[in-house]
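Report on one structure; see the data block that follows.
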Amino acid sequence: MDSSSKSTFQLVFLFAFVMLVTAGFWGVVETSEARYAEISREMYHSKNWIEPTLLGIRHFHKPPVTYWLTSLSFGVWGVNPFATRFFLIISYVLQVYLIYKIALALFEKAAIAKFAAIIYATLPIVLIAVRTLTTDAFLQTFVLLILYGWIQFLKTRRNAYLWLVAISAGFGFLTKGHAAVLVPALAAFGLLWVLPRPPLFKFQYLLALAVFILLAFSWYALVTRENQDLGYYFIIRHFYDRFFHADVFSRTKPFYYYILIFPAVSLPWFIFFIRQFFVSDQSNPAHKLAKNILIWWIVLPFIVYSASNSKLTLYILPLFAGFSLVTAYYFEQPLKQYWRWIVFTFQGIILLALLVCKFALPEWNLPWWLMLIPAIALLISIMCCLRIKTEQRAIVLLVSISTTTILIYSALLMHFNSLKVNAITPIADYIKARSFTQRPVLVYNKFLPSLAFELDKEIISIYDNENALKRETQFEKTSAWKKQLINIHESSELLYLKSLLQRKSVIVAKSELPKEIRELMDTTWQKEAFDKWTVYFN
């Protein structure tokens, strides 16, 4: 690794250091992060590594690798937001390194490899993925391991890399099911046209396939043996319905959704990505490789993702491996000096927006000193534009400055405005401060796993027609789950609620309590308001 590549990774380690230092500044955020964090917390305490539960009810929406890793982190760091995000940051560093190695293996040019690494490290979609707990960041790590293993196998014919592909694909499948194989399969097929083709028949292929199948379907086999209807549930509910009937999971988006999202989550690098359509060096042998990556790693999977009815922003994260490679190839080519000012203009708008947040968002808690962070970043950016001669170096530093600024600023903004960003920390802190954690904690008509996580205890949800509380209980073997989910429209469950409220209890609500509950509360009950939330206690 040359000195310029080392400086690139120094920047990456700076980003990772900032993320580690600030990872615990805000609580787990509803809904996705809180859900994954709470499942991991329950798994950590129950030691049931096969059957995930969410608020006491079996939850089979995702395979368990994300929960395993997060539970492991809890064992080291304790149950807290920092531990929730710890392995995301580790995966971030590993991903950037893999992008560097993949680019170096394909283009065989250190400059392109280092640019690919820094482009990937500063992409908004990547930073979003590794700042909040979901399956996508871990999935991306396995996707990159598959791609790296396949490239090295094609180049060296060493069976060890074939095993890396099989094992990584297996763990990827245990992270997010079939999503683990779409981009790698298309990319691997496309690479056959630009890299040496492997032998058509090889006994090791069968062994690698067997390892993949055994690993990928091991968890599915274990849980379906105990829950016989799960096979149908996985195939229909979580494969067919997600692709064709996304309204089942409230994730329906129009076909053009990713056309709008893709540029937004890849700025400012998107402007260099589209530069390829205006700068074409047909004589460069790497040009064919870049076009191959564009087609097989980006365009074709993009079409598949767009055809699916189920769309969320992070679903397309695997596309940005190819995006970083293609963009780095064109970014490495000679640039005129006006490009730094284009990037500076974009970055300047963002930094100015952060500067005026104090005035634009008067209802948010933003200390005056917070304005110093983007102000200093803006001054340093101007100095970079004026003093650095190399265009690529100036642009990399501009993007690195804004990335570091946004990482710090966003962490502090969420710290001071937890409730506004859907983190429940102030309410949990209040319950702890009043020594209410030994009491039953009930949540009225809201699905709030973040509260259970922050308190590190089971909570009781009160169902009153809230759609998010319509839980899938068909895999429950007993009625014990009803102790954590009360339907106030059922008289027998209303009696259970009455028995709870006659004891020292806590109710957390975002709307006015209904008559059925108020009638069960005597005059000793008090309340404390937290923005749109209210905590009731007796």
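A Cβ is built for glycine as well, from the same backbone N, Cα and C atoms used for every other residue.
Automatic prediction, not curation, is the source of TrEMBL annotations.
Marked as domain 'Glycosyltransferase RgtA/B/C/D-like' by TrEMBL: 61-218. The transmembrane segment annotation in TrEMBL covers 12-29, 82-100, 112-131, 137-154, 161-193, 205-223, 255-277, 312-331, 338-361, 367-388, 395-416.
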Model confidence over the domain 'Glycosyltransferase RgtA/B/C/D-like' (61-218), averaged pLDDT: 95
Residue numbers, six or more beyond the limits of the transmembrane segment (137-154), whose CB comes under 8 Å of its CB atoms: 65-66, 69, 87-88, 91-92, 94-95, 98-99, 101-102, 105-106, 129-130, 161-165, 168-169, 171-172, 175-176, 179-180, 183-184, 187-188, 191-192, 195-198, 317-318, 321
Outside the transmembrane segment (82-100), six or more residues from its ends: residues with CB under 8 Å to it: 5, 8-9, 12-13, 15-16, 19-20, 23-24, 28, 33, 37, 40, 69-70, 72-74, 76, 113-114, 116-117, 120-121, 126, 129-133, 137-138, 140-141, 144-145, 147-148, 321, 324-325
Cβ pairs under 8 Å between the transmembrane segment (255-277) and the transmembrane segment (12-29), at least three: no
Stretch-level contact, the transmembrane segment (338-361) and the transmembrane segment (112-131), CB cutoff 8 A, at least 3 pairs: no
Positions whose Cβ lies under 8 angstroms from the transmembrane segment (112-131), at least six residues beyond its ends: 4-5, 8-9, 11-12, 15, 19, 85, 88-89, 91-92, 95-97, 99-104, 137, 140, 264-267, 269, 286, 313-314, 316-317, 320-321, 323-325, 327-329, 331-332, 392, 396, 399-400, 403, 406-407, 410
